[in-house]
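TrEMBL annotations:
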{"type": "SITE", "residues": "A:Pro82", "note": "site 'Important for tRNA non-discrimination'"}
{"type": "DOMAIN", "residues": "A:134-434", "note": "domain 'Aminoacyl-transfer RNA synthetases class-II family profile'"}
{"type": "BINDING", "residues": "A:Glu167, A:Arg211, A:Ser360, A:Arg364", "note": "L-aspartate binding site"}
{"type": "REGION", "residues": "A:189-192", "note": "region 'Aspartate'"}
{"type": "BINDING", "residues": "A:Arg211, A:Ala212, A:Glu213, A:Arg219, A:His220, A:Leu221, A:Glu357, A:Gly405, A:Gly406, A:Glu407, A:Arg408", "note": "ATP binding site"}
{"type": "BINDING", "residues": "A:Glu357", "note": "Mg(2+) 3 binding site"}
{"type": "BINDING", "residues": "A:Glu357, A:Ser360", "note": "Mg(2+) 2 binding site"}
There are 2 protein chains.
Amino acid sequence: MQDRTYAADAEPGSRATVAGWVHEIRDLGGIAFLILRDTTGRIQVKFEKDEMDDELVETGLDVSRESVVAVTGDVEEESRAPTGVEVVPDSIEVIAPADTDLPLDPSGKVDAELSTRLDNRTLDLRKPDVKAIFEVRAEILRAAREELRAVGCTEINTPKIVATGTEGGTELFPITYFGEEAFMNQSPQLFKQLMVGSGLERVFEIGPIFRAEEHNTPRHLNEATSIDFEGAFCDHSDAMDVCEEVVKGVYEAVEENCTAQLEAIGVADDFSVPDGEFPRLTYEEAIERINATGALDQQLVWGDDLPTEGEHALGEEIGGHYFITDWPSEIKPFYIKDYDDDETVSTGFDLMHPRMELVSGGQREHRHDHLIEGFKQQGLDPDEFEYYTKMFKYGMPPHAGWGLGGERLVMTVLGLDNIREAVIFPRDRQRLSP
Amino acid sequence: MQDRTYAADAEPGSRATVAGWVHEIRDLGGIAFLILRDTTGRIQVKFEKDEMDDELVETGLDVSRESVVAVTGDVEEESRAPTGVEVVPDSIEVIAPADTDLPLDPSGKVDAELSTRLDNRTLDLRKPDVKAIFEVRAEILRAAREELRAVGCTEINTPKIVATGTEGGTELFPITYFGEEAFMNQSPQLFKQLMVGSGLERVFEIGPIFRAEEHNTPRHLNEATSIDFEGAFCDHSDAMDVCEEVVKGVYEAVEENCTAQLEAIGVADDFSVPDGEFPRLTYEEAIERINATGALDQQLVWGDDLPTEGEHALGEEIGGHYFITDWPSEIKPFYIKDYDDDETVSTGFDLMHPRMELVSGGQREHRHDHLIEGFKQQGLDPDEFEYYTKMFKYGMPPHAGWGLGGERLVMTVLGLDNIREAVIFPRDRQRLSP
């Protein structure tokens, strides 16, 4: 429809064809309004029953809500209309009539369960607040790519079908690949590391990852979007610098380009770009401060995982993003490098939002012999990972990187309650469709 | 390494630490050179044996090729050096020594088989021409996204794990999803259509698709990158307009931002931005012109698929991109809309490059009853696709879209012989690793 005018662009004094969904029909007797909604907003179409063609009026007022229509007419100024203009139609075409029995009310007047919304995302994303979430999500991904390019990264795409999992874990979805056993990749970790040893040096990837975790929580998905960075000649501190730049750059882009969306979602007042440097606490400081909050029944000791309630108590105290560094080696993956002067402490780090962990990263083990040892200690057969480990024999520079959960980023930027609200068609323990 | 200077940035008169790979060592007797390579290029390091510390000279000249080193010293002008400068070192650190027995020679002096290159991508991408392919690829994806945003699209991400395939075909990789049968998605087709019925109206996705095709040719992959567009209130002609804009925009971006890469790949002279409008031939015109070339033993008749040799003959005659429109309905997928006035002709179209098909698209069937009929005629059970078809009852606008093969685009832009050269870690019938 080349000659279509968007609702937001209809100028008084012009003729226009507007097309979209029937949002509402308000019949006031002699006069009636059809509110048409398209991707830019809503526009009022006025029917004056006594002065207009009967068939036109009938078509316009009998059409069911959420039907798709095209209306042609004169655009006139009307201060009482939602956008200050209205269309006085001389023709209306019902392009796709909608059943009157809608599974979900896109006007947003009736609340729906999340599962009903997810079953009917087409209707759900007709609501301006839900649509806005995905416009912000798109802006977040755009901004993240721009920030990563700005620090010298080349975008890469790595395979999602793999012969072996990153950590050889059991949390992999098995697939049948021409009769061979294969898996859906849980992380681009090994591939992005192989690329920092290439001439690209710094790479990023934004793509799907797959985890067969049994978790069913408001912050876990079985298919998620991972924002991955890896850089040659970087240590964990450099990687944290890049991470901080990307996260802040994302917030700045949302502030600059998504004002209307933040309003629509209803979070404009709560939104702010993080200011100041993200504090960097060592794991040791973190457990001390968590212990001091008294939030836990038991005092944490070196080597403990940080329980969620502990992280929340610390996050509340700090009131913004913060890094936890210098983790005990034993609770970080084997491919994370330990400090040279203390092998019990790892260069691994997490970026925390007060609500949850966003990022996991660290400097990587780039020494071939240490890496092979790491596989063995993990109970993995290094031979199965030879395609990866052998490249460490041919000049693998020191490198560091991280993975940032895309949906968690959207969720925390927008203050969403459930991670499923940050993905159009989520995959979880129960949900495989749509 | 915060204080590292890139090879390309080393200024005469400064002190610098450069870090990278040992590209070559040239020992001329009293004087010797170590050529260091990093992501920005190469730089010469000069060793004067009689005037320098013996240990320094020994370390610098005994280090094996492709080892990772860091060299600190004074940067001096030297017109005979490759970049016009050289480093006079006062320290050298061997960060990661390389085995002398390299599976692939990154200097590019010895040609390697494609399979050896793919097994050793880390080394392969140290070659400037191979690295450049992936820098261009990243630019192509960046430009495609920008073009798609410019025509009003919102970027979406749709699931790769699905309960049913797009076309219910047998060319799907089966996965086990928490005990249930599922598949890796072969196309975002159904999901992007569901989104044009939402308030987003126009969407795009760039992501992986998976096809369990037995093909093993230089232009097929089993895991590929698809660039997908779908737009509400678009017909096939609008969709072709968008397609043409995206493809031309990609070429323009490569011309503008990848001069050095085109030189490195050796295709700078062959590269040009397509000029003029892409011709739009009907299928009927296409078979007439193919028949007239005499390239085929048998004359094509209405309803025949176009054989590759025929497409090549036509492509050679046209000498650039062209669309083929108005295909027989019976050889296009059921979700493509037929013309209202002739149901034997489909609104499906292909965008052809003289070497191969790049894009497949069309206006979609948006009428619920016709869609259900289409599933049945295809031998598919519409009930299995109810999550998709039911949304067509609630106001689905007319819409059109297309899918563009990302690797084929890279391949044709750069004149690559084999599609595997356009993806870092390809997946094909034989290759599942790395």
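Each position is counted from 1, following the chain as shown.
Cβ coordinates are placed from backbone N, Cα and C, and glycine is handled just like the others.
Bear in mind that TrEMBL entries carry predicted annotations, made automatically and left uncurated.
With A:Arg211, A:Ala212, A:Glu213, A:Arg219, A:His220, A:Leu221, A:Glu357, A:Gly405, A:Gly406, A:Glu407, A:Arg408 listed as the residues that bind ATP, the site has a largest C-alpha separation of 19 Å. Nearest neighbour of A:Arg364 (L-aspartate binding site) by Cα distance, taken over the recorded positions A:Pro82, A:His220, A:Glu357, A:Arg408: A:Glu357. Broken down by DSSP into helix, strand and coil, the region 'Aspartate' (A:189-192) contains 4 helix, 0 strand, 0 coil. In the three-state DSSP scheme, A:Arg408 (ATP binding site) is classed as helix.
Its Cβ taken as reference, A:His220 (ATP binding site) is surrounded by 18 other Cβ atoms within 10 Å in the chains shown.
Non-local contacts of A:Gly406 (ATP binding site) by the CB criterion (under 8 A, 6+ apart in sequence, same chain) comprise A:Arg137, A:Ile140, A:Leu141, A:Ile206, A:Ala224, A:Thr225, A:Ser226, A:Ile227. Distance from the CA of A:Arg408 (ATP binding site) to the CA of A:Pro82 (site 'Important for tRNA non-discrimination') is 35 Å.
Residue with the densest Cβ environment among the binding-site residues A:Arg211, A:Arg364, A:Arg408: A:Arg364, by other Cβ atoms within 10 Å. For A:Ser360 (L-aspartate binding site), the same-chain residues that are 6 or more apart in sequence and have a Cβ closer than 8 Å to its Cβ are A:Gly348, A:Phe349, A:Asp350, A:Trp402, A:Gly403. For the pair A:Arg408 (ATP binding site) and A:Arg211 (L-aspartate binding site), the Cα-Cα distance reads 15 Å. Cα separation, A:Arg211 (L-aspartate binding site) to A:Glu357 (ATP binding site), rounded: 17 Å.
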